[in-house]
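Trainee: Okay, here's the structure, questions in a sec.
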């Protein structure tokens, strides 16, 4: 079931030792039972209702971009640098420097990003809320955020928590001698927790998320419940570096990192700081969400010794990787390859590794006592970089070529903390690097004169007279725009990547039909552009959307309504060279209920996948409902199947879908021939009238969806249906147009 959940994971492999974290049970027996408890198979619509706009205390008119652009970013950076070395008695800084703590905080904020659904990442600042704020892997990051509060308090609405959590780690690296390639603001704060599928385990640090061949279930990225990436002691606590390498490769890959980026991130990240395991985890109190109210949001209260400083317990692992924990160096790679490592246990009982050579026992300074020295440590996941043949080759190259390593780490770090932000057009601030990177899904700038209203009307006429049908035009526009994901702002119609690999070959897009439509539209585009004397052009990306709009206007006219579907030109056409095929493969729809398409490899039901798709498109329950109803009567199903086309006038935009679905003249039965298909029979004659999928019938079966369907099936709802359909359509068509605000339709009956 889709249970208001969504996965995310990452590991600044400062990770967590499962042996030190007790499971805190939450008694539920005395809690009122939810509808989901009583009826667990009930379709959960809550993903379409979060976040709730009324939760935002800043109000609907608040413009974060304007506030951030008025911020003195250099002043914030200077304040952060001062904070780094101003140790507080209530949480003393290791080596007198909070920099490594802030790097871990930033990493764990951004590193929850995952490629398969774009969920996770630093946007929203969700590390402040449950469950992230209480994950075992995020132990003591509550202190890092509290250290930042005076700066957040000083600059207020001009910098979000989401941006500050990332900026702090970036500044920390710069202050400790590493040159980053920049920073972009633009992450807006969330004001409430959202429910995401982090896995189905019922206990922290369990791992029951592998399929039959041992791969992580999609869309999950972390291997263990409550960890960002992987268990640093090795899979299931077994200290096997090669097995750890397999898990690292899988989970970092699901965070959009290749092998080189993975090695750079681990080797670069572990150049700073230390792990903390002064004693057993039995001394730790509950995580923030389970702690007493008097703790005021702090968790993991430590009863061992002073409970802080030298007595800190975080992961259960203990020690630093390098001789310069607060200064950038290449000592991590030097130590990794120069020593033979032997297995040992930390004071907290976690498995880790130290040099076989006893002469290394005094290399590393103590974090608090200048008279003490220690041996460097490595974790099982660190040794993966030495023993995995692919990782080892990369790591040795970095060791021999320090400048190449510096550049690789800077780029991988920038990608890590910006991957969930979408295109560069959303980046804010003076520190944005000028270089365009392929993972940003670039599109060309508009370097030509855009079409005007007369041109648009002329082009719509040519499209409608081209021989292309309403379903073909609607399906093509939908296929192009509906790749958008509001989670990581990827996809959408801009770029016209539907004509490029891999999108042109996706089964959901009816490749043969799509090729025919694109060929016709390209001909119209070329004829128009070649006829212009003033440099005016229309992009194929714009023409695809315009074609869908024109078809909808024609379909509404057939129903007796004259409408103008709002259209704003300005999209451009990306090239294949601007498109990372592998990166775009994860956007392929394995189900699209709006087109009645479903790949049976999915582990969720078709209605659940519809809700997930609508959630990614940032649609509400009514918007999802009206779009499905409209797409059905427009005959826009994949493969030209007729499931759910409850009308005798396909291609006409009307509310027939809802009227016929809710009619008691039809009796529905499961098909005896095709699994997942339902047949609707006339109650009086017994004649077969309709065929449908569970996506179609859910709008009559689910009580909440039925209520919305009824609103569109009433005699006085015809105008409203068309108005709402067009508005929802435009919302999808412009979802990736961060430069405009969607307009509402004009309708005359």
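Any Cβ shown, glycine's included, is placed from N, Cα and C.
When I checked Swiss-Prot for this same protein, it listed these features:
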type	residues	note
SIGNAL	1-27	signal peptide
SITE	104	site 'Transition state stabilizer'
ACT_SITE	108	active site, proton acceptor
BINDING	270	heme b binding site
Trainee: Just counting, how many other CB atoms are there within 10 A of the CB of the residue listed as 'active site, proton acceptor'?
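Mentor: Its Cβ shell of radius 10 Å holds 28 other Cβ atoms.
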Trainee: Measuring Cα to Cα, how many Å separate the residue listed as 'heme b binding site' from residue 108 (active site, proton acceptor)?
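Mentor: That separation, Cα to Cα, works out to 14 Å.
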Trainee: Other than its own, how many Cβ atoms are within 10 Å of the Cβ belonging to the residue listed as 'heme b binding site'?
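Mentor: Here the count is 29.
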Trainee: Enter the number of other CB atoms within 10 angstroms of the CB of residue 104 (site 'Transition state stabilizer').
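Mentor: Counting Cβ neighbours of residue 104 (site 'Transition state stabilizer') within 10 Å gives 26.
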Trainee: DSSP three-state call for residue 104 (site 'Transition state stabilizer'): helix, strand or coil?
Mentor: helix
